[in-house]
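Here is what TrEMBL records for this protein:
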- Cys75: active site (ACT_SITE)
- Cys75: active site, proton donor (ACT_SITE)
- Cys219: active site, proton acceptor (ACT_SITE)
- Asn13, Gln46, Asn66, Gly76, Asn77, Asn159, Asn192, Glu210, Arg211, Gly220, Thr221: substrate binding site (BINDING)
- Phe270: site 'Important for dimerization' (SITE)
Amino acid sequence: MLLKFTKMHGLGNDFVVVDAVSRKVFFNKQQIQRLGDRNRGIGFDQLLIVEPPTHPDMDFRYRIFNADGSEVEHCGNGARCFAKFVLDRELTNKRIINVETKRGHIQLRIEDAGLVTVDMGAPSFDPKDLPFTAEKQSGLYMVEAKGEVHQITPVSVGNPHAVLRVDALSDELVSSVGPVLESHERFENRVNVGFMQVINTEEIALRVYERGAGETQACGTGACAAVVAGIKQGWLASRVTAHLRGGDLRIEWQGEGSPILMTGPAEKVFEGQIYL
Ligand SMILES: N[C@@H](CCC[C@H](N)C(=O)O)C(=O)O
């Protein structure tokens, strides 16, 4: 089958986006891994599939797969690219788009200057929502791995995150601790691992080792998780700029029960066709 796709990115977190509204498309795990291979396929961090909604109040459904073929609940940078994709393809002309994801309903708002704001929903700090094996408590949780103890804040923003506050970011830290925590036995569904350096109450620097994709240039849900973790711990104000390797995201959260708002860019790189 000849597959048409669009290559996109949000701050360097890259995607292949496929229109499954105009035509039915199905991928198995091996096909996703092959397409995601940067040497033998197209290469991407995540594959995004745009589908018709299953609910009358929704405009679209969208499914997200990591490069390792695992299906996930949520993707922040992907959501913004999704919005640009459905507008560019004229699948909608709405400025507010309601979307079904595996995590539930999300809402995308098209801003001026090519920016998109995503209502990411409310976060949860309850370990069972990740899931993370621990009794619920306030404050930081200790996780032991390979003889080291890491202090984390577990956060679900639909998908699972472990946020570590660090004094400085380095390749060595991300590449050694990231994979160990990603597949730590206390995270039953694995976890995205965020390394956050607090610069001041309104700015953080962040690197994320993503579940199923490795370190990416940027992680939207990771930025949301880090900021809400920082706000909960009393380190950050309610509006924060997250500096990621690929650029900046604006994150806003007004506290328990309220949704996280994430604003950032979305870019198209090219369109192509490939035999599946
Ligand atoms: N890059 C994404 C997150 C994609 C999913 C993640 N790797 C997971 O497994 O949960 C983002 O921008 O949020």
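Our numbering is plain: 1 for the first residue shown, then up by one each step along the chain.
Glycine is treated like the rest: Cβ placed from N, Cα and C.
Relative to the residue listed as 'active site, proton acceptor', the recorded positions with Cα atoms inside 10 Å are Asn13, Cys75, Asn77, the candidates having been Asn13, Cys75, Asn77, Phe270.
A simple Cβ count within 10 Å picks out one of the binding-site residues Asn13, Asn66, Asn77, Asn192 as the most packed, and that one is Asn77. Taking the active-site residues Cys75, Cys219 in turn and counting surrounding C-beta atoms within 10 angstroms, the largest count is reached at Cys219. Listed in chain order, the extra residues whose Cβ falls within 8 Å of the Cβ center of the substrate site residues Asn13, Gln46, Asn66, Gly76, Asn77, Asn159, Asn192, Glu210, Arg211, Gly220, Thr221 are Asp45, Ile64, Val72, His74, Cys75, Gly78, Val208, Ala213, Thr216, Cys219, Gly222. The binding residues for substrate are recorded as Asn13, Gln46, Asn66, Gly76, Asn77, Asn159, Asn192, Glu210, Arg211, Gly220, Thr221; their greatest pairwise CA distance is 17 Å. Phe270 (site 'Important for dimerization') is surrounded by 9 other CB atoms, counting those within 10 A of its CB over all protein chains shown. Under a cutoff of 8 A between CB atoms, and with a sequence separation of 6+ in the same chain, the neighbours of Arg211 (substrate binding site) are Asn66, Ser70, Val72, Asn159, Pro160, Glu182, Arg190, Val191, Asn192. Long-range Cβ contacts of Thr221 (substrate binding site) within its own chain (separation 6+, distance under 8 Å): His74, Cys75, Gly76, Met120, Val157, Gly158, Asn159, His161, Asn192. Counting in whole angstrom, Phe270 (site 'Important for dimerization') lies 17 from Asn77 (substrate binding site) by their C-alpha atoms.
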